[in-house]
Amino acid sequence: MEVITSIKEAKQTVKNWKSHNLSIGYVPTMGFLHDGHLSLVKNAKTQDKVIVSIFVNPMQFGPNEDFSSYPRDLERDIKMCQDNGVDMVFIPDAAQMYLKNFSTYVDMNTITDKLCGAKRLGHFRGVCTVLAKFFNILNPDIVYMGQKDAQQCVVVRHMVDDLNFDLKIQICPIIREEDGLAKSSRNVYLSEEERKASLAISQSIFLAEKLVQEGEKDTSKIIQAMKDILEKEKLIKIDYIELVDFNTMENIKNIADNVLGAVAAFVGKTRLIDNFLVQGLK
């Protein structure tokens with residue numbers, strides 16, 4: 001496995017692989033890897049080569065968010081990549097990614113102003129800008145992203161289409177802890193009491209899925225049922241609960257096919273997200 005920190009060296013390695021007609025699966029991460037990331041790596045191994053990038057992107061954090069405290073453990077991450085058959089770990093620093101007079105950004109007029117985008121101003125501009133750069137540097141064939149960041153997946157798919165990137169975005173299922181909590185690098189922030197309270201988030205998701213399966217169409221009733229579960233936990237403060245069209249992120253009144261049910265909530269000071277998808281509904 002190659003551990004590369006230089007953009008120039010990463011581009012040269014990719015160029016060599018491409019000259020031998022090798023396909024590339026790419027997993028973008030901010031590090032502090034967990035089983036959710038490793039499931040993406042496993043999916044990426046259908047390609048000839050697998051690249052994992054580790055970069056805590058300052059551009060996608062707001063002024064009062066957790067950039068400085070975001071969990072980091074490079075040595076552990078590199079070992080996990082090595083143990084799981086990754087071919088290249090790319091770890092650039094911010095000085096390389098954003099040169100002194102950096103002034104070019106990728107932004108979007110729609111989709112990014114809903115859900116997390118409405119709450120985290122500038123977040124998706126940071127995400128799109130850094131991923132556009134990574135796509136140019138690493139030239140992947142398929143990019144593997146987790147459904148837990150569902151809005152991000154849709155935003156990036158739109159960027160790929162709009163800017164004619166020659167790659168495919170593959171969305172992979174949410175990976176959960178045994179008790180149901182969606183795996184997240186930020187779970188490490190939770191105290192024992194907060195960790196217990198956080199289960200209300202996944203419980204609200206599972207209840208909503210059950211209601212949809214039982215035929216409930218009224219989104220206001222589903223949202224209220226989710227709200228009731230979350231409000232029972234004193235440590236939880238709801239950021240949003242929404243049911244939206246998965247492609248447009250527009251709110252809907254009645255359940256149909258291709259709907260995203262999404263929750264964001266603060267457990268203590270930690271903001272967690274979770275969601276479910278309604279697909280294949282007849």
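From the backbone N, Cα and C atoms, a Cβ is placed for every residue, glycine too.
Here is what Swiss-Prot records for this protein:
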ACT_SITE  HIS37  active site, proton donor
BINDING   30-37, 146-149, ILE175, 183-186  ATP binding site
BINDING   GLN60, GLN152  (R)-pantoate binding site
BINDING   GLN60  beta-alanine binding site
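A helical conformation is recorded for GLN147 (ATP binding site) in the three-state DSSP classification.
Ranked by Cβ neighbours within 10 A across all protein chains shown, the binding-site residues GLN60, GLN152 are led by GLN152. For the pair formed by GLN60 ((R)-pantoate binding site) and MET30 (ATP binding site), distance between Cα atoms is given as 11 Å, rounded to the nearest Å.
The residue listed as 'active site, proton donor' and SER185 (ATP binding site) are 10 Å apart (CA-CA, integer value). A C-beta separation below 8 Å, combined with a sequence spacing of at least six in one chain, links GLY36 (ATP binding site) to GLY146, LYS148, ILE174, ILE175, ALA182, LYS183, SER184. For MET30 (ATP binding site) paired with HIS37 (active site, proton donor), the C-alpha to C-alpha distance reads 10 Å.
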